[in-house]
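**Q** Shown below is the structure under consideration.
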Amino acid sequence: MASNFASVAMRTRLLSSTAFVCRQCQRSQLVQGLRTPSLTSKFSTSRTAWSKLGSSAKVRSRTILLPKAQSTFLGTIGLAKSAYRRLATAAAEASASAKSAAAAVKKKGFPDTSDKIVGYWLLGSAGLVFAIVVVGGLTRLTESGLSITEWKPVTGALPPLNDADWESEFSKYRDSPEFRLLNPKMTLSEYKFIYYMEWTHRLLGRVISVSFLLPAIYYIARRRVTSSMSWKLAGIAIGIGFQGFIGWWMVKSGLQDDLFTEPGAHPRVSQYRLTAHLGAAFAVYSAMLYSGISILRENRLLKDPKKAVEELKKRRIGALIPLRIFVGFLSLLVFTTAMSGALVAGLDAGLIYNQFPYMGDGFAPPKDELLDPFYSREPPPHNDLVWRNMLENPSTVQLDHRILATTSFVVVLALWAYGRRLNRKKVLTPDARKGILGLVHLVSLQVLLGIGTLIYLVPHTLASLHQANSLALLTGCLVLGSRVWVPRTLLKVAEKRVAAMRRTGGGSRKKLEKEKEKPDLAV
């Protein structure tokens, strides 16, 4: 009995000091041993003692600290496992987020933001409308608008291809009031020039219709736009179709047979229909431009929803409310001034009073000339005297355009002064400040082009530049508006995404912290 006890005591002394320590305690000792490598020598065992241990002692000592090289290798494996767990967690969360977003899209039918490619497409369409406005202005200046006397939306896409076709088109034009009263000596070669001007204008209209309608149907069907944007695209498509109808309605006003019997009649399109035609083009252009800018802006801001919320809330401060009202009023004023310019063009009012700032002996013509009863269509006391003269009297129409143009110039300067005041208060964003400065440059150029067009008796180059710059000035107003106006829907989407990020991001951070706390170094 005594000999057996002595044998057990001797074997017990040969065991490591960690042979009877639980795994959790050994794991903590392992971490401490990595931090202080000098302590590892206390837990090493000799080769002879290891061979004398029983099977049960070997099992319990499996987690004893290994040599330094093996310990480093196992530590690397543990870190790799930790990184893998974190990546797997992030991938699972991303997959869950994508599934929830897809489910939301399937449930609602439309996303909460439009695709960025739609914004670029809308800006390209707006560029085509800008081009057709310029070509239409040149068509009017060269008096080519009445050269094609028929409206064939499909078959009219091709010009005459042989001499017989040209002779047929020219014979139709010879029957029109414009040829008989103004161009009785026009040759076929001269007719071809005005024909191609009008044909190019109509061809651009067809290109715009097709290049807008087909992609719009695709983007709506594929749910690449928001629900509200789909309605806007439908409205723009209707506007394009309505614009084509107004164009032909305008041309018909210059082809009326009663012009042959009216004394002193001058074959030209109605100034009312011309103004409606230009106004519809400006409206379609504005809708395309602002919609495209809005889509690109929301995609840019929503890359960082938290920053987007901060930026949008800065724009909602009370100091910027007068600026937004200012920009809205200026946009309406610029549009109205451009429409008054269409009346000037329709009445050839730019060919009289070719001086500035005077009109004759004063700043305005005599009162009896401005309110001439000749333009009234009612018996005395001529209840329509004022508005008829404002819309049909060339002298009054030119004076109206001068007043509106001068007012636009003054309002832009006032906006610039107010912007400088806001800039000193550090509430005006840099892009808004650049937008205001761009408006100052555009309106100054517009005034110079207008005066030059008037003084030099409406040369084609200056007149076309004057019309194009009016649309550029409206563009500047819309761009500035997009930089100071705050869309509520965009703010709501940004706030919703920030809230979602906080919910998912908070849980992810907690999981990562727990993963970091696990030592993952034991095998």
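Cβ coordinates are placed from backbone N, Cα and C, and glycine is handled just like the others.
Predicted automatically and left uncurated, TrEMBL annotations should be read as such.
TrEMBL lists these features:
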- 510-523: compositional bias 'Basic and acidic residues' (COMPBIAS)
- 504-523: region 'Disordered' (REGION)
- 117-138: transmembrane segment (TRANSMEM)
- 203-221: transmembrane segment (TRANSMEM)
- 233-251: transmembrane segment (TRANSMEM)
- 271-296: transmembrane segment (TRANSMEM)
- 317-347: transmembrane segment (TRANSMEM)
- 399-418: transmembrane segment (TRANSMEM)
- 439-458: transmembrane segment (TRANSMEM)
- 470-486: transmembrane segment (TRANSMEM)
**Q** With the transmembrane segment (439-458) as the reference, which stretch in 117-138, 271-296, 399-418, 470-486 has the largest tally of C-beta pairs below 8 Å?
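**A** The stretch with the most close Cβ contacts to the transmembrane segment (439-458) is 399-418.
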**Q** Using a Cβ cut-off of under 8 Å, list the residues of the same chain at least 6 residues beyond the transmembrane segment (271-296) that approach it.
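**A** For the transmembrane segment (271-296), the list is 113-116, 118-123, 125-126, 129-130, 132-133, 136, 140, 229, 232-233, 235-236, 239-240, 242-243, 246-247, 249-250, 253, 335, 338-339, 342-343, 345-347, 391-392, 471, 474-475, 478-479, 481-482, 487, 490.
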**Q** When you scan the chain for residues with a C-beta under 8 Å from the transmembrane segment (117-138), skipping those not six or more beyond its ends, what do you find?
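**A** Same-chain contacts beyond the flanks: 197, 200-201, 204-205, 207-208, 211-212, 215, 219, 224-225, 229, 277-278, 281-282, 284-285, 288-289, 291-296, 299, 460, 463-464, 467-468, 471.
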